[in-house]
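**Student:** Would you mind keeping the following structure in view while I ask a few things?
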């Protein structure tokens, strides 16, 4: 009986996690992010998985990247292009994205493996 409850709980968490990922992916599309970014492939901007890998373990990444989503990167984005992981030298500001939505997007991006 305990095994069945454990499996049911794990399945519920998996479904909930997939629903959150779908919501954030939809938010990325609605916010215009997917015009320059994709989850696993470089477009104009770096792939989200590359962003997650680069900032893994960086305690200040959430706040810094949330700021970049709203205000753009300026020269801070040049490294991605030099590494061949972006097709543009910087990320432009996106005033259409509310800071709280930017924070949700960044949290999702940083969770990608």
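Every residue gets a Cβ built from N, Cα and C, even glycine.
From TrEMBL, for reference:
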type	residues	note
BINDING	33, 37, 91	heme c binding site
DOMAIN	12-113	domain 'Cytochrome c'
SIGNAL	1-21	signal peptide
**Student:** Name the residues of the same chain, 6+ apart in sequence, whose Cβ is under 8 Å from the Cβ of residue 91 (heme c binding site)?
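**Tutor:** For residue 91 (heme c binding site), the qualifying residues are 36, 45, 68, 69, 72, 73, 77.
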**Student:** Please work out the number of neighbouring Cβ atoms within 10 Å of the Cβ of residue 33 (heme c binding site), leaving out its own Cβ.
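**Tutor:** Residue 33 (heme c binding site) is surrounded by 21 other Cβ atoms within 10 Å.
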**Student:** State the count of C-beta atoms found within 10 angstroms of the C-beta of residue 37 (heme c binding site), not counting that atom itself.
**Tutor:** 22
